[in-house]
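Q: Here you go, one structure.
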Amino acid sequence: MDLFGSCGIEAVGIAVAVVAVAAGAAYFYLGRKSKGSLDPENFRNFKLVQKKQLSHNVAKFRFALPTPTSVLGLPIGQHISCRGKDNLGEEVIKPYTPTTLDSDIGYFELVIKMYPQGRMSHHFREMEVGDYMSVKGPKGRFKYQVGQVRAFGMIAGGSGITPMFQVTRAILENPKDKTKVQLIYANVTYEDILLKPPESWDAGVGFVSKDMIKTHCPAPAQDIQVLRCGPPPMNKAMAAHLDDLGYTKEMQFQF
């Protein structure tokens, strides 16, 4: 499987880079059919067992599942709803995509970027090990199936990388899945990049342009799909680029 990545901005732009990454993942896909720990209708509480600061405004949160052998039960490409309280004590609910899969048993993880004025960001900032998070799911219109396309193009901005990471990881962990993935990932600064590769990774800068998409995403075809996830202005700009390049609505999906 070939995986291409980039770092840069969100729509209105600032920095984007493109780099080829060798993706010879030596993972094995665990096709578990265990009952999941989620409830699509009711919130369930999960205990925070680890909080690791990744940068000045990004942290990884690990939540324990009911038993050491439990799985979350989240279909690939879907997300969960997290409920918390903002700085005024008012309830807030926001969707997040875990970076873990059901091959990670006994826990799930969220990589969260905490914005200064973010209502749910406040809740995550205040969380300490031992606290509980209320979660409901699965949610979402996208559900990945092996072989549904020959190749994915992915265009992500900021925390929009998490659903792309989830889908890509599922593909890499399944030796029977030959789907190709080509990714353009945009951020304002290098420090803003979530789930970044090693420090030695060298990338360019620039806008996420039509030329970049044409160069680094699969060409329009009935057996490909371009996924996008980022801030609303970026999503709107990328949709316009894709339309201009001849990608039909069926060839595009926005998380």
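Placement of Cβ uses the backbone N, Cα and C atoms for every residue, glycine included.
Note that the structure is predicted; figures quoted are calculated from it, not measured.
Pasting the relevant annotations from TrEMBL:
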TRANSMEM  12-30  transmembrane segment
DOMAIN    41-145  domain 'FAD-binding FR-type'
BINDING   Pro95, Tyr96, Val111, Lys113, Met120, Ser121, Thr162  FAD binding site
Q: Between any two of Pro95, Tyr96, Val111, Lys113, Met120, Ser121, Thr162, the residues recorded as binding FAD, what is the biggest Cα to Cα distance in Å?
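A: If we measure all Cα pairs in Pro95, Tyr96, Val111, Lys113, Met120, Ser121, Thr162, the largest is 17 Å.
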Q: With every protein chain in view, how many other Cβ atoms are within 10 Å of the Cβ of Val111 (FAD binding site)?
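A: I count 21 other Cβ atoms within 10 Å of it.
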Q: Once near-sequence residues are set aside, which residues in the chain of Thr162 (FAD binding site), 6 or more away, have Cβ atoms under 8 Å from its Cβ?
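A: Residues satisfying the criterion: Tyr96, Thr97, Pro98, Thr99, Val111, Leu194, Leu195, Cys229.
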Q: Within the chain of Met120 (FAD binding site), which residues six or more apart in sequence place their C-beta under 8 angstroms from its C-beta?
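A: Once residues fewer than 6 apart are set aside, Met120 (FAD binding site) is near Cys82, Gly84, Asp86, Val92, Ile93, Lys94.
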Q: For the domain 'FAD-binding FR-type' (41-145), what are the DSSP-based totals of helix, strand and coil residues?
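A: Tallied per class, the domain 'FAD-binding FR-type' (41-145) gives 8 helix, 46 strand, 51 coil.
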